[in-house]
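As annotated by TrEMBL, domain 'Ig-like' applies to 112-195. Residues or ranges marked as transmembrane segment in TrEMBL: 223-249.
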Amino acid sequence: GGGICEHNVEGVLHGRVELHACPRPQQTVRRVEWAKYKNSSAPRLLYTFDLPNDTSCFFNSSQNIQFIKENRSLIFVNLTKEDEGVYQNKLLLNNNRPAELCNITLSVLSPPTALRISVSSSNRTLTLRCEVRGQFLNLHWFWNGLLLLPDDQRISISERNLTVHVSNLNRSDWGTYTCRASNEAGTSEAHVNITENTTLCQDNVKKEEKEEVNEEKQQRQEFLIFAGLAVISTLLVCIILICICRKCFCRRDSPNRRKGHRKTNDIAMEEPVYDEPNCPQEQVQETSFDEEPDAPIVNTLPYVYTDFIKPKAKLTEKQQDEEAGYSTIAEMQANKKPLQNHTGVNKAAALTECMLTVVSD
């Protein structure tokens, strides 16, 4: 029956690689197809071969791909990065049997690239780090063309041989250091020359960097202090202006408060006083606390002349009792006169007599 096989193949850049077809007896195969997947899309047909007619067709214009009829395989010559991808081999069998598929992932190995060597030093310790792009199998360090080995206690290598530390640096350590990275595809190197000036420059650079950092911190602190003082001074000026404005407003508003408002404990809270109704100017008399108030007008009572009253004669005991107001009920009833029967003249005479009695008493 049919099936799917998968495997990976790695080739070297500008090298040669062969992709083998699915293992199947040739007499059972009637057609062979090779296709390539690109960006997870549908496969693009590269090559077909019909065994009964012994005819083949190429659908790829690349000149570095060859087809071998004997084993139905593809051969890549002078590999490039563009040749990477997933290739599919499909076998169509006789007697309408299910087809067999084989997926092959091709990767192209490029030589590593040693970009540069970074240098740093502190406390008489030199640190070298090799920056490499790509995959590498081996990485070695050289000093003046000689392989650098960690036999000396002052030399240590770490991080997959990417970093070298040289402690207690002295004149004998000066020279050219080389980083060499390699794999099956090739080799790449980077170089750096270490001298007295190099180490001093590294130390000076670090000192300059520290000084720059300290200057930036100092500038930030000065800016914060200046900003704080500016804010505080602004607030003080605002408070002073508010106090001055309130004082001026109170002075301007004091005459109005005397005339139309009654002053309370709180300046902001004033109780309005209703004004007196306007009167004609002729009828209004302004009063002042300095002037004495006018004396009240007193209406004089009518004067009653008593020259015509005769002097009283000597009264008897009975008359004295009557004069004092002592009398019996019978006498009062006998002397009572109905007031409603008096005429106008009689009423006036009675009133006059009453008044005369009061005056005489």
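The backbone N, Cα and C atoms fix where each Cβ goes, and this holds for glycine too.
A quick note: this is a predicted structure, and the numbers were derived from the prediction, not measured.
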Query raised in the report: On the 0 to 100 scale, where does the mean pLDDT of the domain 'Ig-like' (112-195) fall?
Result: 92
Query raised in the report: Per DSSP, how many helix, strand and coil residues does the domain 'Ig-like' (112-195) have?
Result: 3 helix, 53 strand, 28 coil
